[in-house]
Structure formats: structure tokens, C-alpha cells
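Novice: Here it is: the structure, laid out below.
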Amino acid sequence: MQHDLLLSGKLVTKSFLLCIIKLSTAKINRAFSILQDRKLLVNTPKGKIIAIGGNEDKGTYSHARSQRKYYLNFFELGILKRFTAELGKVAPRIEVITTASMIPEEVGNIYQKAFGILNFSNIGLMHIRTFAETNLPVYLERLKAADGILFSGGDQSRIIQAFTGTEFLRICKERYQHEENFVIAGTSAGAMAMSGIMIKRGSSFEALMKGTVKLGQGLDFLSNAVIDSHFVKRGRFGRLMEAVALHSRKIGIGLGEDTGVLITHGNLIETIGSNLVIIVDGYHIKHNNVHEANRGEPLSIENLVMHVLAKGNVYDIYLREFYKDAATRQQHVQNILDNLS
């Protein structure tokens, strides 16, 4: 998403500022991060995203029926509770979208029970299966009335096939852009589908070999990142590194199991849950053979930066900075402002 600054009644883009002020890109990004805090960025989204890494199984595949003990155990760790808290209402209306799942009715019932344990009962289920169903008036009206939506896990390609280019997706993006308490959440495949460039599939075992990842277009709620799930236990470091090497201006977000991120302003990443989030930053990559290497050949990447985030840690995409918590980041921004005054 292009962020613009409203300056003297006129829209000014980041690229234009870079030309007229002749600052480094890093300083421009720093300035925009501060302006974002002061709510001066015209296109900064007001809504929130919660991307959840899933677990080894969440009941989203047919073979999961015998593994019920794994169903949604992450809610006990506070991720679903955090989702409901961010909605800002006592009795919010939540719609669970099971499009990615092979067993949508079962998964939907599990979510209803999980939210019920947290004392939330106003939960709807959207078992949308096809592109044609997505724009049915009944679903559009329910979307408009919802305080938050949650995409279940399964196969992210099903989500893309059903929602790309639909009125449903347009309404989602409009609400995310303009409504402060509107929350879009997704677990596993539902999280991966949120980014602009989406990982469709890829090997976890042929790490850092060309061609281990297949990319495609995502829903583009978060245009400046690539998200991968089940990141730690399934060893998906290599495929996220390749994705970032191919799109070095994107931030790679690797979600560990039982862990998620809350993303505000389209820029600030806070880790929630009990495990780890890995940030892969390719902004300062120098040598990179990803475009020249043949399939199956080793990748060579210089100056790829990684950060490991635990619960409460914050990462600022504009500043490309890690902070131990939100208060530390706020103090950093204030120090920058004080130095400018």
C-alpha cells in the first residue's frame, strides 16, 4: 500500500519526498513512522490484523479428525482472547470463514466452542466454498455487520480463489482502512493469505536451494510483508528466506506455533502467544544470486538480517527496528522528535 502525507492540503508520496529532500530512504522511512504515530499519514490503515501461526494441527485437514487434542489449544494462551479484546466491544459479532478447510463444518463448530469458553456467543460461520458464493448478498450483509472476521487454516490457495476480485474483499479492505476496531484475523493458511505476496507452497527440507518456494498473489491486506506459518517446528526458514530474497523490500514474518502477531497501522508488529516470531529483513541485501541460480542450486545471500521476537516484542516495518516492547519504541520515537525540535 502506498502511504501518502497530507501536506498543505496536497498529497505527497514517499518517493516524491525522497526526490525533493534528498534524504536517504532510511530517514524517509523514519520520518513516515513518526508521522504515522501522529496520524498524519492519509493511507495508514486504521484497522488491525492478527496473524496466527497455528499448531501442528488445528483440525483443518481431513486426517486431523483423530487428533482432537490439538484443536485450537492456542486460545488458552490468550491469542483468541486478545483478538476479542482488540474488537473493543462487550459482545462483538465475529464471523469465522472456513473457506480454506477441507472440513469446514467441524472446524467452524470448534471455533464456536472455543469462543464460547471465552464467553463470546455471537459467532457466525461462513462456509464459503466458491468465488460465486462469496458475493452472495447474505454474506456481504453479514460482513458489514461484523466487528471482526477470522479466516481458518487449511489451504491458502482456496482463500485466494474464492475471494480475489470480489465485492466481499473490497468491503474487507475498506473497513480495514477506515475503521479503528475492525480486526481481520487468520490462522495458519488464513494468516499466510493476508500478505501481498503469498507463499503458495514450498519445501521445508531443501533449505536455501533455488525453487523451494512457490509464490503467488495474496489478499494484500499487508502489502509490505510475506507471511509463513508453522514456522519453527516445520523448519520453514529456507523458503521464507528465498521469498524475501526474491522480494527484498518485503519483510518476512515467520510465525511459530501457538504464536501470532498483532499488526497496527499496517506497520507495527507485536508478538502475542507463547512461542517465537522470526522477522527476515532483506532491505540491506547486497550480493544475491536468487535470480541467476538454477532450480536446485544453493542460494547465496549477503547481509540478510533476522530478528527473533518473543511475547511482547515489537518490530517497526518502516524503521526496520526491533524493540523489547511498545513503550520502548514509543520512547525511541519521542527521542527522535525531541532531537528534531
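Glycine too: its Cβ is placed from the backbone N, Cα and C atoms.
So TrEMBL lists the following for this protein:
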type: ACT_SITE; residues: Ser188; note: active site, charge relay system
type: ACT_SITE; residues: His230; note: active site, charge relay system
type: ACT_SITE; residues: Glu257; note: active site, charge relay system
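Looking at the shown structure, what environment does each listed feature sit in?
Specialist: In the three-state DSSP assignment, the secondary structure recorded for Ser188 (active site, charge relay system) is coil.
All protein chains shown were included, and the count of other CB atoms within 10 Å of the CB of His230 (active site, charge relay system) stands at 24. Secondary structure from DSSP puts His230 (active site, charge relay system) in coil.
Its Cβ placed at the centre, Glu257 (active site, charge relay system) has 23 other Cβ atoms within 10 Å. DSSP classifies Glu257 (active site, charge relay system) as coil under the three-state reduction.
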Novice: What's the CA-CA gap between Glu257 (active site, charge relay system) and Ser188 (active site, charge relay system) in angstrom, rounded?
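Specialist: Counting only the Cα atoms, the answer is 9 Å.
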Novice: Return the count of C-beta atoms lying within 10 angstroms of the C-beta of Ser188 (active site, charge relay system), excluding that atom itself.
Specialist: 27
